[in-house]
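Below is one structure, written out as structure tokens; comments come after it.
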Amino acid sequence: MLERVTDYLYNMLPSNEEALVHTLAYVMLGLSVPVFFITTFVKVAEYGRYTVKSSRELPARTAWLFQELPSFAVPVILVLSGRAVRMTQLPNQVLMAMFVAHYFQRTFIFSLLIRGGKKTPFHIFRDAFVFCTYNGYMQGRYLAEFAHYPHTWLADPRCIVGIGMFLVGMGINLHADHVLRNLRKPGESGYKIPQGGMFTYVSGANFFGEIVEWTGFAIACWSLPAAAFAVFTASNIGPRAYRHHKWYLQKFDNYPKTRKAVIPFLI
């Protein structure tokens, strides 16, 4: 009986690794729908200001470092292991560098800049680690082995627009993180209203920056795996930005009424 079940599951798997990568992308797209509805109407992920006390917790800095690490390490390992036929092509090198550079910053720099912070429940750390491993493999493997671009791709309008959006989004994200880190002076506690940069227009400036960044990445890559990641990102952190917005409005009577949640002038 067990052998039959094993054979059935094996036959359901894609017959080659490229098909597996695309299957993973379709799964991520499919999961975006329930993730959006759960985080919008049921519950928000329990970290940061929404942390619920758990029996198993990790220091914020440690949790962030190790949960983000696979998104950086897996693509790098894939390239160094020699399983990277396409990495001799300049477009693949540039697109891979964009992905790896983002996660180098998020893993090794952002984590070191965390000041205190509430402890992270182990299940949040676990889920983030699994996702980063999943996505690190999907993006890294596709760009290293299966993504075929013409040698003129970097001059293609889609690539130019996508890289531009990626850089702008990353800049917004980094600036927003800087603003949030410096809201409180040493020794202060409690929450304050963030001001400046994209916070002038939206409550979730850091989330808006990341959505723009990965949308740009998807356009530059013009691929299913990158598009799936962009959609999943928006479906996950978009509702979180909306929750932040509602929280600010309830907590501060003087909160700017014209400020939107995540998309300037719209939402």
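Note that Cβ sites are derived from N, Cα and C of the backbone, with glycine treated the same way.
Just so you know, TrEMBL annotations are computer predictions that nobody has curated.
According to TrEMBL, the protein has these features:
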TRANSMEM  20-42  transmembrane segment
TRANSMEM  63-82  transmembrane segment
TRANSMEM  94-114  transmembrane segment
DOMAIN    119-266  domain '3-oxo-5-alpha-steroid 4-dehydrogenase C-terminal'
TRANSMEM  159-176  transmembrane segment
TRANSMEM  214-237  transmembrane segment
Same-chain residues near the transmembrane segment (20-42), Cβ under 8 Å, at least 6 residues beyond its ends: 13-14, 134-135, 137-138, 141-142, 146, 224-225, 227-229, 231-232, 234-236, 238-240, 242-243
Three-state composition of the domain '3-oxo-5-alpha-steroid 4-dehydrogenase C-terminal' (119-266), taking helix and strand from DSSP: 102 helix, 4 strand, 42 coil
Overall pLDDT of the domain '3-oxo-5-alpha-steroid 4-dehydrogenase C-terminal' (119-266), taken as the mean: 93
For the transmembrane segment (63-82), sequence-distant contacts whose Cβ falls under 8 Å of one of its Cβ atoms, 6 or more beyond its ends: 96, 99-100, 103-104, 106-108, 110-111, 114, 119-120, 124-125, 128-129, 132-133, 135-137, 139-141, 143-145
